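Taken straight from TrEMBL:
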TRANSMEM  55-74  transmembrane segment
TRANSMEM  108-127  transmembrane segment
TRANSMEM  139-156  transmembrane segment
TRANSMEM  220-236  transmembrane segment
TRANSMEM  303-323  transmembrane segment
TRANSMEM  343-367  transmembrane segment
TRANSMEM  379-397  transmembrane segment
TRANSMEM  403-424  transmembrane segment
TRANSMEM  445-467  transmembrane segment
Amino acid sequence: MQCIRLHNSVFKPRQSLLQTAPLQLTKSSNLMRPVNSILLTVAMQTAYRKTRKDLIVATAASSLIGCLIMGLLANLPLALAPGMGTNAYFAYTVVGFHGSGNVPYRSALTAIFIEGLIFLFISSVGLRAKLAKLVPQPVRISSSAGIGLFLAFIGLQNNQGIGLVGYSSSTLVTIGACPRSSRAMLAPVVTSANGTVSLIQNGIVSADIMCLDGRMESPTFWLGILGFVIIAYCLVKNVKGAMIYGIVIVTVISWFRNTTVTTFPYTEVGNSSYEYFKKVVDVHVIEKTAGALSFKGMSKGSFWEALVTFLYVDILDTTGTLYSMAKFAGFTDVNGDFEGQYFAFMSDAASIIVGSLLGTSPVTTFVESSTGIREGGRTGLTALIVAGYFFMAFFFTPLLASIPAWAVGPPLILVGVLMMRSVVEIKWDDMRQAIPAFVTMIMMPLTYSIAYGLIGGIGTYIILHLWDWGEAFLEKLGFVKGMKEDHLPDEETNGNGHDGKVLEAAV
């Protein structure tokens, strides 16, 4: 069989297809189901269905272009797609539910476009890499584990995973996995003085699920557990393609309608989804979202607030993800650098601009790239094959849109397990490193944001080192004596024949 040599590694085409398939299937459930298009369509006021199809195609197109740029220029096994965190910020905060936010949809795209240009400039002059180097070492190391916990948390949820974790009004989260008939959706309500309960105007019905009863009785949950066991067993036995086996088996079982685990229940939504699924092939041309930029609202403060927020989230979030994926793949050296990082940063920034022109939120390297890396992907060939999958998505959207959440939850959980290995590099006996590392890891899943985790870790690191930095600064100015002199007896510092060994030992 013909082999392709890239980055001093040999990869077989057939093997690379196997490596990238679980990556694409994992992202497809988030992307083409499509969470991205659902979140963004929430912000649109008219032509719901047509706009949603536009956004599905825009998501696939922007992801395809981003993967091509990454594969050809950076030669790294990293795939790109609109980030889920910025999706939610874009839809619910900037544009708002049904356009109730402070920035119109077209103006929000303009903010992303300008932010992308700034981001591209920062990357081109090498400033982004320098900013990334300012991230403290314990935060850099722990960010990989934090992303792993984040992925596992997503995989455990009901709307994006196997459904083991559900909502609780008293403890926020609790055990879930109840059948559809026992689930309740959450919505913001207001109670009047006479006891009347009504939905708050422009209130958002949450995708979170609260179980009324029947916990651990959901058939789809147990099917997801089957997928988890299949993948876990394959990982234990080092079987190539472990992720894809679990996803495909669970997905195919879920396509049969006359079962309790079907993804097409006999409801209005289920019937509509099944009719779309039966098309198998469907081609849609973007009509409304491409080139929808508007520069009219640039004088408003809310516009620039959104732009700056997108910029700092992209700097922290995408840079942290890039370094974590590179470290997970074993590309980084002792200084945290990796081959192709300049073009990786440029690819990331250019993809943001492309995404805004097509009508979607910032495109970035997504953490599901770790599934392809786990299966052995080490070169740009992985990204190129993912781009090929996205091209296929233009035609086979009905199939990709029918991959259930409980088929994708297991690989996300197990990738989280694999990404936890970086915690052994943290010096847990040094509290100045352990505390920032822990804050970074715990905040990523609990705030549902990689950026907030990095901010928390960096902030904690700075606070814990302020005293030392201040003391060192004053010592340099000569206002205070050095710690070495203050904490040692006079005879140990006055040339008593120990040749400095006592001083070194004390320090």
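Glycine is treated like the rest: Cβ placed from N, Cα and C.
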Seg_contact(the transmembrane segment (403-424), the transmembrane segment (139-156)) with at least 3 CB pairs under 8 angstroms, min sep 6: yes
Which of 55-74, 108-127, 445-467 contacts the transmembrane segment (303-323) most, counting Cβ pairs under 8 Å: 108-127
The transmembrane segment (55-74) touching the transmembrane segment (139-156) per 3+ Cβ pairs under 8 Å rule: no
Candidate ranges 108-127, 343-367, 445-467 - greatest C-beta contact count to the transmembrane segment (55-74) (under 8 angstroms): 343-367
Beyond the flanks of the transmembrane segment (108-127) by 6 or more, those residues with Cβ under 8 Å of it: 43, 90, 94-95, 292-295, 297-298, 303-304, 306-307, 310-311, 314-315, 342, 345-346, 348-350, 352-353, 355-357, 359, 361-362
Intrachain residues whose Cβ lies under 8 Å of the transmembrane segment (445-467), provided they are six or more past its termini: 85, 135-136, 138-139, 142-143, 146-147, 149-150, 152-153, 312-313, 316-317, 320-321, 367, 431-432, 435-437, 439
